[in-house]
Amino acid sequence: MTTTTTSTHLFTTRSAPLRHLYKLYFFTFLSLTLSLIYYRFTHHLPYSHHPYLLLLLTLSEFHFSLTWLLQQAFRWSPTFHSPNPDRLPEDLPCVDVLVCTADAAREPPAMVADTLLSLMAYEYGPERLAFYLSDDGASELTFHAVALAAEFARRWVPFCRRFGVEPRAPKAYFAAEEGGGGRGEGVEFRKVWGEVKKLYEYMQEEIAYAGSTGTVPEETRKTHKGFREWDSKILLKGNGRDRDVEGNPMPTLIYVSREKRPGHPHHYKAGALNAMNRVSALVNNAPFVLNVDCDMYSNNSQALRHAMCFFLDREQGHRIGYVQFPQSFGGLTKNDLYANGVKRIYEIEFFGTNAFNGPMYAGTGSVHRRESLNGRKFTPDYRPMLEDMKQGIGSGNVNWDELEAKAKVVTSCNYEMGKPWGKEMGLMYGCAVEDVFTGLVLHTRGWRSVYCSPEREAYLGMAPANVNDTLVQHKRWSTGLLQIFLSDYCPWTRGLGKLKMGQIMCYSFYTLWALWCMPMLCYALLPPLALALGIPLFPKASDPWFAVFAFLGIASHAFSLIELIWAKGTIKMWWNETRMWMMKGTSSYLFSIMVVVLKSLGISEAGFEITSKVIDEEAMKRYQREVMEFGVASPMFVPLTTLSLLNLYCFLIAISKVVKEGLGVYDGLALQILISGYITLVSLPLYEALFIRKDKGRMPTSVTVVSVALAFSLLFLFRFLVL
């Protein structure tokens, strides 16, 4: 392991140890993969009675091999950066913090308020911070919650800073344990703690009452003109105008609800962030911009200081366009039932991108240099001085009424017409994953990024707690990623000469996620169908080539398991991840390809689907017991249930024949039996949901009927075509 320290000692960099063992595995696996392809084309395809089946299987194996090769870029040279925030100068640059929400029904106002409160309590000079909430739902319930949070912040922020509490999201803090954590667990602390908790409970009651009645109290309505005029409203004024209960200045807090009209494209989250970008430029124009999803509360009050360690480094800071923190999630089950913790991405793969100019932009928990986000290309002579980065709201008098009027103009639906927003500056439009697209554009402009993963997670969010929301979320991600690969910014066309080869491979792996569905569908369909008819597709168990197939299958799974254990996962977590990978591959990725094809034909558009952050009590109990939640008649369930039923049927038929006739009869079908048995084993929760469970989270009967009919239709059609 090697460690390097920058000249100003603001962060250290070290490489992962034991890379020689990984490289031994890499070259062994690569050699055997090439041997498998060689075997298919020289020993199997030319002599088969069913060459078309084998050709499809061989193409699938080639796709698996190519994808595996792309994935190794993440593992070739993992690099870890450790910031030293205690060495930062006292006077730090200003930061604008942007938070988005769009649907009060799916993103509860109380949750949005908690996120804002956690961010406002950063260990960072309040005069250097300004906060902007974009509400694309224009919900008076959300505005009401944010207005209440602004008042509560006058007590919450000084409490957090005085006693050093963590986390600084009130709900998470008070729920952690009686009294929470922090400094000064004495009489004074207990007294203040009780007062603050009582105020927070009152705020929660007010928000809950408004939510239950669907409206806000008339007295509250009269307090803020924001209930009558939906545009930008300043709830807290910085520059020393508004102060907390201890007399300290409060940061700026502005509510933004941009104008949206039918027939005018609003570009979803990307459009909201660009609107806030423009508003923040009028108000604070901070040199750095942090964006956070409304369900990702701050779990580490030092996160901004960690980010500044990279931007302010004299040797490398000027090259950094953004710092990306990992997306971490609270409330996951012990073994991460739906693999929504994305451990493999944020605790393994993203460290590998640090060796190739840094990670992709993940859409939340990202601190951007405003100049890089707004279209500036990196040039070797770009050397910003610290003094130039100290501009902000604390530097002069502010006409707040004039700012509100200007903000209304820059958030109108016509403002972007004829301007470069979404094309040359701000977040990029035209893609369902505007974040990854924007990060790729920044990298092609010469900027680097940094992946920073502090010991205490910077942000904690909410992950989908049912199968449908998980599949829908991955459908949106894989749709947008494939759109990037097919766009003018394909990593292999726009990236050559501008990105490192490892970086191109990393981007390619993610942007080609959707294409996983093709080899996975082939492997889930052809082996069991051929097994049912006694058609061998793999070498016999007695053939030496059998060992090559067996080794590759076992080695890939063993390596995957060891990686997850290294990332503090569990065996059951790995098994859940494997199941969800198969479910996403045969459902989310399949539907994403359909969406991209339909869009290219002009038949439909890819929308922005918000996953719900609300879950009922019974469903939560099942989730905590790690019982999979289906519940709705979603078309996304049909492919995966059909394939699981098909493999179960074919596996049982094969096993019954083995019992009657002995193992020797199936010597040439051993691998097909193993594959169907493996898929059957992985699919056990689906069979339970299809045929055993009676609760509301079971698989709907309509999905079961359709899937059974499709499975037997596939068997009949295959028999008709092959025999």
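Even glycines carry a Cβ here, placed using N, Cα and C.
Note that the coordinates shown come from a computational prediction; the quantities given were computed from them, not determined experimentally.
Noted in TrEMBL for the protein shown:
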ACT_SITE  ASP136  active site
ACT_SITE  ASP435  active site
BINDING   GLU107, ASP136  UDP-alpha-D-glucose binding site
BINDING   LYS269, ASP293  Mn(2+) binding site
TRANSMEM  21-39  transmembrane segment
TRANSMEM  51-70  transmembrane segment
TRANSMEM  504-526  transmembrane segment
TRANSMEM  546-567  transmembrane segment
TRANSMEM  588-610  transmembrane segment
TRANSMEM  630-652  transmembrane segment
TRANSMEM  664-687  transmembrane segment
TRANSMEM  699-722  transmembrane segment
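By the count of Cβ pairs under 8 Å, the stretch nearest in packing to the transmembrane segment (504-526) among 21-39, 51-70, 630-652, 664-687, 699-722 is 51-70. Among 21-39, 51-70, 664-687, 699-722, 21-39 has the largest number of CB pairs under 8 A with the transmembrane segment (546-567). When the CA atoms are compared, the recorded positions lying within 10 A of ASP136 (active site) are LYS269, out of the candidates GLU107, LYS269, ASP293, ASP435. Considering only the recorded positions LYS269, ASP293, ASP435, GLU107 (UDP-alpha-D-glucose binding site) has ASP293 as its nearest partner by CA-CA distance. Long-range contacts of the transmembrane segment (664-687) within the same chain, counting only residues at least 6 positions beyond its ends with a Cβ under 8 Å from a Cβ of the stretch, are 523-524, 527-528, 530-531, 534, 536-542, 546, 549-550, 575, 578-579, 582, 627-628, 640-641, 643-644, 647-648, 650-651, 654-655, 657-658, 699. A count of other CB atoms within 10 A of each Cβ picks out GLU107 as the most crowded of the recorded positions GLU107, ASP136. Listed by sequence, the residues of this chain that lie at least six past the ends of the transmembrane segment (699-722) yet keep a Cβ under 8 A from its Cβ atoms are 50, 53, 525, 529-530, 532-533, 535, 630-634, 637-638, 641-642, 645-646, 649, 686, 689-691, 693. Listed in sequence order, the residues of the same chain lying 6 or more apart from ASP435 (active site) and placing their CB within less than 8 Å of its CB are MET360, TYR361, ALA362, GLY363, THR364, SER366, LEU427.
Around the Cβ of ASP293 (Mn(2+) binding site), the same chain contributes VAL99, CYS100, GLY363, THR364, GLY461, each under 8 angstroms and 6 or more positions distant in sequence.
Its Cβ taken as reference, LYS269 (Mn(2+) binding site) is surrounded by 24 other Cβ atoms within 10 Å in the chains shown.
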